[in-house]
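What TrEMBL says about this protein:
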type	residues	note
TRANSMEM	A:6-25	transmembrane segment
TRANSMEM	A:32-52	transmembrane segment
TRANSMEM	A:64-81	transmembrane segment
TRANSMEM	A:93-118	transmembrane segment
TRANSMEM	A:146-171	transmembrane segment
TRANSMEM	A:209-228	transmembrane segment
Amino acid sequence: MSAVQSSLYLGFVLSLLAYLFGAWLKKKFGWAILNPLLISVILVIVILKIFHIDYETYNNSGKYISYLLTPSTVCLAIPLYKQLELLMKNAVAVIASIIAGVIASAGSIFVLCTVFGLSHQEYVTFLPKSITTAIGMGVSEQAGGVVTLTVVCIIITGIFGNIVADAVFAIARIKHPVARGLALGTSAHAIGTAKALELGEVEGAMSSLAIAVAGLLTVIIVPMISGLI
Amino acid sequence: MKYVKESAILFGITLVGELMNLLLPLPVPAGVYGLLLLLVLLCSGILKLDQVEATGNFLLEIMPILFIPAAVGLMESVDAMRAILVPMLVVCTVSTIIVMITTGKVTELILAFGEKEVREYDEHHKKDKNNSNRSTGTNKNKGGR
């Protein structure tokens, strides 16, 4: 077992294989719930539990995967650049809808927290849940939230958004690629953007833009409304 | 050397973004600085798309996989989550759906309004081919598929 414990590549290979398996399942059955990201996360957790490998060991190599997240975020500029003309043409719609989304996020979290009778600390922990982790952690900390729980919420939100997007778009009849991209980026940050990129280049570009704009708007809006609960 | 050059450019931009994040007192993460920087470099023509595209597309393609370690890390937070698991899951799911629908619908409403204005403008000026104008708005957006 010590060889497994000290392996630097185990977590990496495990993650890649789990994702490939998830993608294969999705292709074979085509159900939305068979989201490759969700499948691979569950699969990795189950395997770690079965073989009594702790998270730290897994993350010894997992952290090199996470390491690529920042350059990968930088590359979101590529679809954005390719769709710049479309973005400029729809600038008003883009800005207005992201603002609407950020307000809807804060408003719905406020209402739900009131319904559940949650404390101020829990309320501000949830507030940055729809924005990218790097910004959300700072927002939560500033407002006095529990940062680790904020990260949990951000990841759950992202994966959930990634999974339900197809169903939500079908039920709410959201068809326009620009609208789909903005909706994914504003509601489910970078994990939603991964889904948007699968839908198409326009969706990916709009979603990338929404991550940055929604993140920065949330930084501004949270201090204004954090005192409500 | 193509991939070496592209990697040097992309990781170089990432590095600058990281330094900006460390040095500037703004709550902007390194990746967002880097994204804006790469966009400016592309728009100004200092960088050409084909100088970053191959490696860039690789990094975009593997993006979902990059979230696996952080998400697997949720297994470490089970104890912290237990106390407020139900409200937390309800907030995360319900609010996400609300935001998704609001953003998408507001976009479509404004876009539809814009297209209607274009249409009315065309009709007003009696352009003979207002049909073609009407369809460009919707057709163009399918371009990326």
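Counting starts with 1 at the first residue shown.
For all residues, glycine too, the Cβ spot is worked out from N, Cα and C.
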Non-local residues, at least 6 beyond the ends, that sit with Cβ under 8 Å of the transmembrane segment (A:32-52):
1, 4, 14-15, 18-19, 21-23, 25-26, 58, 159, 162-164, 166-167, 191, 194
Relative to the transmembrane segment (A:6-25), which of A:64-81, A:93-118, A:209-228 accounts for the most Cβ pairs at distances under 8 Å?
A:64-81
